[in-house]
């Protein structure tokens, strides 16, 4: 650059000779003083401005957090009248449920984003991939290979059906082909042992609740083809689902007969599939309601196989059913021999008693039609487009969706569900900030400490039970992010999937291979000890978990992200996000189910009679509170306060513990800077971030479904119910007494 004029002036060489110095005039003196004063004022103002702190955080992370909160909320709504609208009104205006989704919320958006990461890491093979990762990528490619899947039609399924005694409605001369060799023991066992499909009788190997280091055989009622036993009323809001279900059966039977070039008698198809529906209705009515199955002490009934034979004799196809033969048909596939002295835990004795008269009314053909159908219906979406489309009306009736999930999304989820450690490794390497592990460890320690301190406040619990509750809380083991082995131990990861070998053009066979592998692995556990260090979740999951049998809490890498957590966001948001989730999972150890298990994970009554009675009384308050919520999206049905009790107790306890932990943080570290653009303090931001986790909505069909099947209250009621019980919330938002969000009667368990 050239010199400035001032520089040129200063450095002019031809400087004139100075004149004789003169006195300053009064005006010059006055002006000089004024200039000096103005200079001092200017310098002071600049210094003050440079050091002035307006208490607002202006970092990019604070700006992002504030923008997210502002976008989601409706500041014109009254927080003390409807905090769901206040916290989520903006979100509801900006978002529409995608055609492929049955519900849509902030949780679902996080899951959608995680699926994008999975797609990116699964679709590109790399030369440095270890064998386990190569297999995961092959499985993914086989799943998205729609041209190969479509070209095969229903052929892969047709080849498999003879292995499960066929499907009578889609088989010519079934009685001649299979009838003579058919036995109930073999037919029911074959689906279970090979493919993990439990129809009519649900036999599985799981942890022994009363001795949680051991595995034991369990016998329980089966799952149903429709979402819950209520659907089988087939009237009112359930009528469309029942019609679509039978039509779905008929459509698939027709497709198979067409592909097999067999004659099609529409009347016969309708007759047989309606018979299947009649049978399944009777089975549904024999099952116990969920609210009658929520006490693990009452559910647990251990007996020998010989006692089962005596207590629950069945007659099928005119022959007595041998429980010993049935169990051996299953366990022999993993070379385990069973005698009549084998211990079995029966979860559903009433169901088995009611099953007896039902089974005598139906032929082997009827029973096999149901069993094969229940197997087939799970596999239809793995076949060609024609088969997939036969499910459209059924999917719409249950979920309200008019389009299938994008193939790549479905496939990313499928691979993650079947190879969670291989996929977890890829996800962690691509997207997980490892330093967050230590921060979350510290948060867990703080919230656990608050839980223990809070025990002193509980007037309904005696000292003896408090002491045992403290011991259990201290014994809770935490798992954060991911198991180190999945990243550091290549051999262990490769060995986990050693038996699996996928082909890129055989997606259906790959699925069958996974079913067999998974079921065999589970059955083999019968003679093995429970590995209590095993993680109960993969890493690439947006969720958190508590295991009563392990007394373990798990926070996978997938949930350790905003709005739940970020090392860079305000602590009020972290405590209202992941802090509440931590408190929620800890409290699960003391909800209506978890409280029945001791610090070692065993089903043991460690409560005094008085404390147990008081717990039930305290809980009843929440049963009534949530049971009084009416959900417009589910046709005005009321929530089930009994089925959702455990989650509601955990929500309320978790929020209270996280808030007290945040107050402790402020006492120790001082107030945080406020967020820009929000006229809210950090106590208010704590509650706002908690609420915004649950922003979302449902399709009416899925609302009807989830109100009967989901143990969680819908998101809006998780916000309202929990905050109605929080005096700290009402104090933070200055809610007058008896406003909707600040009722006089408040429920508290923990």
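From the backbone N, Cα and C atoms, a Cβ is placed for every residue, glycine too.
Record features (Swiss-Prot):
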REGION    1-20  region 'Disordered'
LIPID     2  N-myristoyl glycine
MOTIF     16-23  motif 'Stop-transfer sequence'
CARBOHYD  145  N-linked glycosylation site
CARBOHYD  285  N-linked glycosylation site
CARBOHYD  311  N-linked glycosylation site
CARBOHYD  325  N-linked glycosylation site
CARBOHYD  335  N-linked glycosylation site
CARBOHYD  628  N-linked glycosylation site
Determine, to the nearest whole angstrom, how far the Cα atom of residue 311 (N-linked glycosylation site) is from the Cα atom of residue 145 (N-linked glycosylation site).
51
Work through the glycosylation sites one by one (145, 285, 325, 335) and name whichever has its CA nearest to the CA of residue 628 (N-linked glycosylation site).
285
Take the motif 'Stop-transfer sequence' (16-23) and average the pLDDT across it for me.
43
Please identify, from the glycosylation sites 311, 628, the residue with the sparsest Cβ neighbourhood, meaning fewest other Cβ atoms within 10 angstroms.
628
Can you tell which of the glycosylation sites (145, 285, 335) has the fewest other C-beta atoms within 10 angstroms of its C-beta?
335
Would you mind pulling the DSSP three-state label for residue 285 (N-linked glycosylation site)?
helix
Take the Cβ of residue 325 (N-linked glycosylation site) and count every other Cβ within 10 Å, whichever protein chain it belongs to.
14
Compute the C-alpha separation of residue 285 (N-linked glycosylation site) from residue 145 (N-linked glycosylation site), stating it in Å without decimals.
41
Distance [Cα-Cα, Å, rounded] between residue 325 (N-linked glycosylation site) and residue 145 (N-linked glycosylation site)
42
Return only the integer: C-alpha distance in Å from residue 145 (N-linked glycosylation site) to residue 335 (N-linked glycosylation site).
36
Based on DSSP, name the secondary structure state of residue 325 (N-linked glycosylation site): helix, strand or coil.
helix
